[in-house]
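Just below is one structure, and these are the notes that go with it.
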Ligand SMILES: [Zn+2]
Ligand SMILES: [Zn+2]
Ligand SMILES: [Zn+2]
């Protein structure tokens, strides 16, 4: 399949006269895909039962006639105002107990049965009408599940469904009490009806209670999405996609992904960098107009895993946006670079968001490929250039990776429930390992803990994995590559207890975490070999050899031939050295990249990306600021 | 009319035996005005319908007998506790949905019809009794509208009135949907009864929705005040005043001012500096005991405009206060300097707040002219000195200004709804232009955008004006002076959309804002000529000449002969140069003032103020720390 | 009585088979006391009225048989879930009006009558059953009153009881209006039923209103505790204890202590340092693994006063805990040092919290003497060493102190209600004086303002005491030692007004606070003799001699022979000099201690403590990091 560009478009926002003109310019620019419809419910059904699909018929026909392929979104992220008259209790409730009102989007609780039925009805109507439409070549379910913190709801509907979920999982209150350790502080329950949602407790709720609620909340998204995919599959063979968000972990993307054909994500590199708490102030300034050089790649690799190999960028930032604390303009060239970084990681499509900047409502300050006055914005020419360049490139392909990192949503929930040190963040920890590998020039795969398949790799990193599942444990037993685990790996049971024997309990590695400590930002612990442990450190005991030590003698890295455990959160210097050691032991070749340069290798090409604001010469490539280069292998 | 001093007094707080003694000392100090009554409702009407005006009769008589002129306040800012039994739903509700309870002051929602009727009743009773009283020489309506964030209420009363207001403004839900762009995210309404207040929405509400609510909230204050002025005018010819607060923009002061005879404001220079987010840490420390050297002047000029030429200081800080994060003591002399700065700007009266420090209740740590033990506080002697000095001065007069700045309350609402960069603040932007002009020694007028009259000026600055109204636009066409507009001027329609053609669309200036970017504090953009754009920058296109450029080539200042547009938020260095250029083109002479010195020129005198902690010699004046000097022209 | 070690134990958490083994190891380690039962209600009464005391009988017997003495806790801090079915309105409500739900602990409002009755019932049952049990040698009431901010509740139950309390105190609404100054802002009440709790008012409530509510809230804890002590005393002669928390002032510990035999507190030095706002960042880092060198001693001296001479540590941190922002591991040796510091201050017992780290529920990351796998944690050996060392020491004794500091809970409420400067904190002020004395090597007594007995001291410091009570005032008249008062001493009446004549009105000292100022952190005022006043400064007038002055001439320290007043908040340099002067005048010998060393003298020994991370030689002692030394006098 040929790699392709696309764009997000809202025909309902513009006079019908403009549609054909817009479609023609899209085609001329080289765009292939156009996503529509995902917020249009109030125009498809202005009043309950009064359906108006005629305009959508015409819009699809107009776009299709121009040669474009349509991604049709189900409009369930924006129920019309009249829906509230039918279901006044469908709104989500926040942690403080406040009902989250109508007037923007995503105003629904995933647990509300009545709203689910309404969704099933509109999706069925759309699927029946457009399931075999020759221009509708893909479907999107809802939009950005979880955006604006909408997965976790403390509504009455959520409480009722949580109790059902608990009853299914534990079968008896006594079993639940035992699993959660409710003897502690006399928290025992005698019936599932006594169990409330874990907000507004006097002090923190039992972490097992919180964890169960997080598992439940994620499962609600999965079943909400599955309701739609099951309907769609009855009427269409087109691939079904959802557009995920970056660094968003409130539901398990792998679980939702199991019901999709393609995973996609919405990539806004500048806003992501500004709002990310684990980026240094210096990096935020240095990459202000380029975005973090590793964050997009990390998500490309993640969603390739979520999509079981097939993935897109559904929304690509084209210029300044409206939602970050500060919204700078990208460096010229970035709209091209970001697209190529995605294609180099195996993306089938990259769609810019959005076609024309809307002059009204919430996103009026969000750039598009066109300005509000329909003149081209800077990204339009960059998109056209990418379209041109794609013509000369081979079909979609993905590079082989020697190294993998295990990623696990429940671990993100666990450490947000129990950080133990104020700033402990699971995604930041995994990302630190990812960055260390990428700065060494590696191709990397992300692998889910729940469904691993690690035999093909030379090196697997497992940082911070709450519980090592049976299947992964069994694979580790047989694994012939190098394993780099820790800190905080395998340190909880599924029910959020400390396992005995003590963690990490890795096959063939005699080491135990006797206790842990968390550290303030200004009190890192130096390592003898250079660099520091920041934030987190573990006291390791056992016979495993200490390959590195802290300045006060605590073992920092223990292990042997193929199994290693890191007893703390290494800073860049430490992680670069430790990952480098692991690569050497695994027989993986590494590069020595300049700060701003990244590489990615496909089956046929090696790509070079310059995330810096200065011209750089590297490996024979002359890379302009924000420049991309490639060579055939 | 002679300039005069005054004081705020609460006879109900003190034994009646003390009143005559207090009045005598006031008169001896040289005070002319005494404001009373504005919080006394519970003593005027201890129980519903049980009126007790006798003590107020005696208080007014006692003060009048000592030669003092009374400003009588309507007591509607502090309804007694029994009012809540009659109107349990009269309380305001905050953005989080919490009812704001009795137990301090301003415990009412401006939209509550029942409370409005109760206000009309007590104001009528007061007006009837004191409207022709020979000692009552002025009236004050209510007290500090908006203090403690009380303009914006999310109560049921506010929601009901908002729907009425919307119905009046838009006439049909369809017109409202079109105006707001509600097609975006399926936010369409079918009836006005479906529209809620824009709080607690899942993510931000439509900015047009927010803006309508802000306009409505301001209008509610205007009509609440008008209810009182209409009653008062039926019974008195004395001037009607309201006391506004500094840097407070939640309602349109010009609109309220249209119903007043005199505008007044409450000046607390030390607290204002400490709580102001746009002052630098260095300035906050340097001016800790003096207050910002430009902030009071800015408000003097603002309220002269609000009062259509007639204005007072109704409350002047005399010593340490109680409400800022930190409450330092003023430098000796400041109670005199602040008064003279006001008189130099045309104030008719300056009233110190308050006569005697109350030893009880919320403001017990707020200094007065007397201490709680009735001994003189330091400001008493300074007030006496000012009274003495006033004797030798001419009548009230206002200096002529060559330069004007447009100020507009809706713009403040707009940019607080849509800052686009986290720290964008309209008042701070306007103040940056004001400061640049004042540091060049200019007399400055503030001019409302809604009712401008700019023909008399040589230079008009228009920073950040959301929408350029028809009348101003027409005046700009004919204007012969220099115009300095931008950034963000004219960039929205009245309904909060981006206009096409793109802004600023100024007459005779071919420039367009292609897109904008907001910048973090540590990432300003250097200008070729020195200084920086901070926070905000615009990409300007068009044929207008670029007079200054950013270091990356973007035009920074474009324009020609008389019309200029600044494409960013200039720091002090940049704004000083740009405003200096505009002055030269406008033929306005400028001064080169030391950091701590400010000047103000009236028809007959030039005044010099030393806001520094050190002695300064300037232009032949020897200015002590906190010192004032003047010379006849 | 011999000093003794102990531990907190939860037999209900572990299989009954383990109890005897645990008890044996406790005894072998040298532990004497074991506290149990305080969270076990759901296991003592799984359903309403269905009591199961058999397991507790066996647990007590097993522990007793091993030679251990039991402290039995009443379980009222953790009512079972079924209690809510009986009393749905028993939950506390927070300042924002949110009900604080079940799911952790302390889920009750102290004012709920129904819950009080339920507590009386369970305490009676326990007292009847175990009051004469030969192994139960002490009782603990409830657990950590106030933990998780649970003293102050805005529930309906609290409002009803507050009105009763007000009616008792003031007898008529008119008297209350006069006492509070409700004439201010028309806040007068006509009946007690009109008075609400002082939360969610439009701006701050009357400080007298807040103060009354704080007094009431404290009294509710006192009567709640008394209900239990009265029942217990009817059935047992064993001493009754409560375990207080450090730096917690929401109720009056002296008032609760009046009903106890022994005061105890829960000492977590590392978490306390990290969460304390008045510790410098440098100190937080330097003492990260040792805790503040003065904070534990301060509380030892405080609780010795609360316990009228008899006091314990009920919970002693043994390793990393779970609840601070960061949770580092203690330096080796600290579990021993902390115990010895307590014994040197006169503790009868030090109990480590807890025996075995629980692998489940909220405190799973809280270290114990044993790890979750029952292996010894580092503190076990340190406890054993202390037990060994105790054998050679004399009986419990307390050193004589020449210096005393007055401590007063209402003053803490007053300054939290009216800090006047954002960071003014009463405990921090008192602690600054304490630290200055302790760094000079003094033994110090803490003395309650309400029940002072100062004749025995050579020096008494009285910083920040809101109101000087009659009895203290009378004692000061006759006192022959040196008094060091201020700042902010005696500056309010009991009803939160400024007294006239102005403060401090100390016998024999002609000085008056004309006014005060609060200062931002970056604007301290230098003293002529060195050091600064930070945060707070007072303008002193009167004939008392100025012994020190500020750089701008304000008197900083006034006084003569035996009575001194400090007109500001001295930094370390200033307070060290001023306290040193006072010691010299009082004839108290002082030491010149290195930064990390502290001493404490008992009747027979002088103890040396090294809170530093380096070896120190001092006064002939070689002190390891975290080391303790002692010498016979
Ligand atoms: Zn989004
Ligand atoms: Zn105010
Ligand atoms: Zn606690």
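Yeah, the Cβs are placed from backbone N, Cα and C, and that goes for glycine too.
The active site, proton donor annotation in TrEMBL covers B:144. Sequence-distant neighbours of residue B:144 (active site, proton donor) (same chain, six or more apart, CB under 8 Å from its CB) are B:77, B:106, B:243, B:244, B:245, B:266, listed in sequence order.
There are 24 other Cβ atoms within 10 Å of the Cβ belonging to residue B:315 (active site, nucleophile). Under the heading active site, nucleophile, TrEMBL lists B:315.
All protein chains included, residue B:323 (substrate binding site) registers 15 other Cβ atoms within 10 Å of its own Cβ. In this structure, residue B:323 (substrate binding site) belongs to neither helix nor strand by DSSP; it is coil. Feature annotation from TrEMBL assigns substrate binding site to B:105, B:143, B:323.
Under the DSSP three-state reduction, residue B:109 (Zn(2+) binding site) is assigned to coil, being neither helix nor strand. For residue B:109 (Zn(2+) binding site), the same-chain residues that are 6 or more apart in sequence and have a Cβ closer than 8 Å to its Cβ are B:90, B:91, B:92, B:93, B:115, B:153, B:155, B:157, B:158. The Zn(2+) binding site feature in TrEMBL is assigned to B:109.
The annotation domain 'Glycoside hydrolase family 42 N-terminal' is assigned in TrEMBL to B:8-392.
Taking a C-beta cut-off of under 8 angstroms and a sequence separation of 6 or more, residue B:105 (substrate binding site) has the following same-chain neighbours: B:39, B:77, B:78, B:143, B:147, B:148. Take B:105, B:143, B:323, the residues named in the record as contacts for substrate: the widest Cα to Cα gap among them comes to 17 Å.
DSSP classifies residue B:144 (active site, proton donor) as coil under the three-state reduction. A sphere of 10 angstroms centred on the C-beta of residue B:143 (substrate binding site) encloses 24 other C-beta atoms. Looking at residue B:323 (substrate binding site) and residue B:315 (active site, nucleophile), their Cα atoms lie 14 Å from each other. Here the recorded positions are B:105, B:109, B:143, B:144, B:315, and the ones sitting under 8 angstroms from chain C, going by CB atoms, are B:105.
For the domain 'Glycoside hydrolase family 42 N-terminal' (B:8-392), the model gives a mean pLDDT of 98. In the three-state DSSP scheme, residue B:315 (active site, nucleophile) falls into the strand class. Closeness to ligand 2 is met by B:144, these being the recorded positions among B:105, B:109, B:143, B:144, B:315, B:323 whose Cβ falls under 6 Å from the molecule.
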